[in-house]
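**Q** Sequence annotations record features per position, and here TrEMBL assigns Mg(2+) binding site to Asp443, Asn470, Gly472. What TrEMBL records for 8-117 is domain 'Thiamine pyrophosphate enzyme N-terminal TPP-binding'. What TrEMBL records for 205-313 is domain 'Thiamine pyrophosphate enzyme central'. Residues or ranges marked as domain 'Thiamine pyrophosphate enzyme TPP-binding' in TrEMBL: 412-536.
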Amino acid sequence: MTKETQFTVGDYLAERLSQIGIINHFVVPGDYNLKLLDYLEYHPKLSEIGCCNELNCAFAAEGYARAHGISAAVVTYSVGALTAFDGIGGAYAENLPVILISGAPNTNDINSSHILHHTIGTHNFDYQMDIAKNLTVAAVALRRAHEAPRLIDHALRQAILQHKPVYIEVPTNMATQPCPKPGPISAVIEPETSDKASLEQATDVAADLISKSEKPLMLAGPKLRAAGAEKAFLKLAEALDAAVVVQPNAKGFISEEYKNYAGVYWGLCSTRNADKIGEFADFFIGAGTVFNDYTSNGYKVGPTPDQFIDSDYMHVSLPGYEFTRVKMDEFLSRLADKVSKKNATMVEYARIKPALLKYAPANPKELLTREELMRQIQGVIDGNTTLYAETGDSWFNGMQMNLPEGAKFEIEMQWGHIGWSVPSALGYAIAAPKRRTVIMVGDGSFQLTGQELAQMVLHKLPVIIFLINNRGYTIEIQIHDGPYNRIKNWDYAAFMESFNAEDGKAKGLKANTGEELEQAIQIALANKEGPTLIECYNHTDDCTKELVAWGSTVGATNARAPSADQ
Ligand code: DPX
Ligand code: MG
């Protein structure tokens, strides 16, 4: 590959990606994006990670954004992008700024009567852009080189400001076109600030409402991290000395060793009596909360609007008020200056706080139970661990894990795509190679995207995968059972080792008893040169009681008859 000396659109995009902090981008090549990939490769600070397919590529980028703040995935037209869109929808739902870059037909063909490969075989070249517009906050198609700087900068800025994915379409003849060099990067990355008058008024109203309440409780939601407002949230918690609870998809955003931490607030699935302190509270101070059907257990959990303040990235909702252009972190921090101590929820919590969940060791010779499995996984989690909990009973098991200071937790609860965890953890481990990435994933989920383990082998990432083999879709069994919830068993341990081929250092192990699991974990911890998958026995019916309770509420919510006025 020889590089032209002139600065091109490909160089511009590469330079901007680097300037916004991207080091690794995730790719699947195709003839519509090959030239662009060359330009990304030429850039001295960018390094590509190949993926097995575009769904995994989008999820890997999503995981990279979880650890690193922002990411990019590069795919080919239609056959690639349409597959990637599923993961991009996930990034939208999970508030992760992923830049999806797609190759596209030559600009001369787009307006011609030619029929092109990787299309539906008509002259419609709009469908991909139409989908992109629905799944991103900015979708741009480069058609003329001189417009590229403006369009690229616009898309990148929107990703950063809105914490959501964006789409950039690059025709196959565009990366090579001469283009001006980028201006200062501050034009793209400079953060927005609050409108001062709105910030003052919003915090005055909020402080007044809090002073009139007796038992305020702080509630962290899934948008707190994307807003970068964790510190401000804690500042307010300290000022009030109120108890702090988190939604299930905000677990880990607040240290579980924080003195005011009172667990996961999720109705019957709550931990550490968070539901009880929620019932005791008379006012909720939320930050980035989202109550969907799952996290509200069929709309049963959550504060009423008259007892609830919530802040989003750029607005605040209070009973009877709505303030726009008020940033979450600035709101929480300024509010902390205006309130005084109101610690009734903390006083009550000290009374009802349960001891930390701890399972007694099982007989090591006996078949593994869910409790024994969780007891041993808990032992692996230290302050340097990131625990991934895949959709399935792993969600509920994950909730109950105690996270020591420094440990992190990743879940994909809004999108809820089975198969997310393996590729996302690949991206995460690429971005945070010094952390211990641990995945809890069910057999059904694993079957969607398990081949992305290959990249962990290639890049020698010591990820530990607990494959929980309960021979089926147990969560679906609890929502609504039928023969479709049973799946073909695989030899998962052998599958892992198949990726080694001639040079890999992955290990695939099986654990049917407590003793075997203990030994497997020792081997996994010692394997620093590749991933280790431990296929763990779990009886189909041996699931959490929280899943059973939640499954019946979701089943009932799904089954509601149509309203008469519909
Ligand atoms: C489905 C789910 O084996 O976990 O613990 O046995 O439930 P459990 P598994 O990974 O099975 C997962 C399975 C089929 N959900 O129980 S949660 C429906 C679904 C989804 N995402 C996609 N397709 C179907 N969530 C992409
Ligand atoms: Mg299963």
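Note that Cβ sites are derived from N, Cα and C of the backbone, with glycine treated the same way.
Keep in mind it's a predicted model, so treat the numbers as computed, not measured.
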**Q** Across the domain 'Thiamine pyrophosphate enzyme N-terminal TPP-binding' (8-117), what is the average pLDDT of the model, as a whole number?
**A** 97
**Q** In sequence order, what residues of the same chain, 6+ apart, have a Cβ less than 8 Å from the Cβ of Asp443 (Mg(2+) binding site)?
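**A** Within the chain, Asp443 (Mg(2+) binding site) has Cβ neighbours under 8 Å at Leu467, Ile468, Asn469, Asn470, Arg471, Gly472, Ile487, Asn489, Trp490, Tyr492.
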**Q** Taking DSSP three-state, what's Asp443 (Mg(2+) binding site) in: helix, strand or coil?
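**A** The residue in question, Asp443 (Mg(2+) binding site), is helix (DSSP, three-state).
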**Q** Kindly assign Asn470 (Mg(2+) binding site) to one of the three DSSP-derived states: helix, strand or coil.
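**A** Where Asn470 (Mg(2+) binding site) sits, the three-state DSSP reduction gives coil.
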**Q** For the domain 'Thiamine pyrophosphate enzyme N-terminal TPP-binding' (8-117), DSSP counts of helix, strand and coil?
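**A** The composition, in the requested order, is 52 helix, 21 strand, 37 coil.
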